[in-house]
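A quick write-up on the structure given underneath.
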Amino acid sequence: MNQRMLKNKIKQASFVPSKKMGQNFLSSNEIKQKIIKSANVLETDYILEIGPGYGAITEHLIPKAKKVLAIELDKRLFDHLKTNFKFDNFSVINNDVLKVDLDQLLTENEFDNVKVVANLPYSISSKIVLKLIKSKKIKASYIMVQKEMAERIAPKINTKGYNAFSVLVQLFADTKMLFKVPNYHFVPAPKVESAVIEIVNKDSIINFDIIKIEKFLRICFLNRRKKLSNNLLTAYSKDKVIALFNKFELDPNIRAENISGSLYVEMYKFLSQEM
């Protein structure tokens with residue numbers, strides 16, 4: 001389905017894309033193929049697709065994968081998929097991915113070692129990413145997000161882009177930005193550029209409260225221009241901060257972007273014990 005065909009389909013159906021749902025439909029066959037190739041979709045693969053829309057990527061997944069399970073929130077698009085994608089290896093549910101217990105859903109459908117392929121709504125992409133990396137059934141995700149979001153997820157330690165969210169994601173997964181996607185490859189065209197990223201879940205999940213450590217990381221990155229110690233002093237006593245720096249032999253001038261994810265976990269555990 002190219003851009004002309006997609007525009008005609010939308011026009012014929014009198015379909016008005018929802019801004020609230022962040023509906024921008026991928027129309028470039030070249031980009032679709034790049035996503036499929038990046039995900040290395042095999043005939044043994046179980047694929048979870050989030051927000052399939054009109055099925056732009058779906059139609060390329062079905063012939064290649066063992067099974068494809070899609071989650072679509074928009075009832076109009078759900079009905080379209082049910083009517084036009086009648087294949088033995090394809091099923092779709094009408095639900096909000098943020099409200100779905102992914103591991104339960106995948107277990108019920110006998111899915112394991114799942115690959116996720118998705119063009120995510122920009123407004124909720126960070127929340128969806130956190131769900132994906134915490135899943136025990138998902139092994140890797142190949143997702144399209146706003147370029148700015150991709151840059152927040154993929155940066156490495158000691159770089160300007162390294163931030164609280166990227167540390168949190170990288171505790172659970174290895175991340176990589178694969179390629180950028182200009183806005184003219186979508187209908188309607190968004191105002192921003194997109195990017196496709198790879199997120200490979202780590203086998204060993206660290207056991208901690210994700211909400212609490214996320215709060216801790218936000219404190220550490222509160223002001224990037226300040227030293228880590230100054231950021232920590234906004235939430236912890238001077239004695240606790242000194243004890244932390246002594247325990248881990250930290251340079252007094254160190255900044256948040258200079259600390260690895262694994263060290264952040266140890267620091268968090270230490271301060272939690274001290275509290």
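Start at 1 and count along the chain as shown; that gives each residue its number.
The backbone N, Cα and C atoms fix where each Cβ goes, glycine too.
Just so you know, TrEMBL annotations are computer predictions that nobody has curated.
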Matching residue for the S-adenosyl-L-methionine site, where TrEMBL names Asn24, Leu26, Gly51, Asp96, Asn119 - out of Glu72, Glu108, Glu110: Glu72
PLDDT averaged over every residue in the domain 'Ribosomal RNA adenine methylase transferase N-terminal' (31-203): 94
Sparsest-packed of the listed binding-site residues (Asn24, Asn119) - C-beta count within 10 angstroms: Asn24
Other C-beta atoms that fall within 10 angstroms of the C-beta of Leu26 (S-adenosyl-L-methionine binding site): 22
Other C-beta atoms that fall within 10 angstroms of the C-beta of Gly51 (S-adenosyl-L-methionine binding site): 24
Residue among binding-site residues Glu72, Asp96 with least C-beta crowding, 10 angstrom cut-off: Asp96
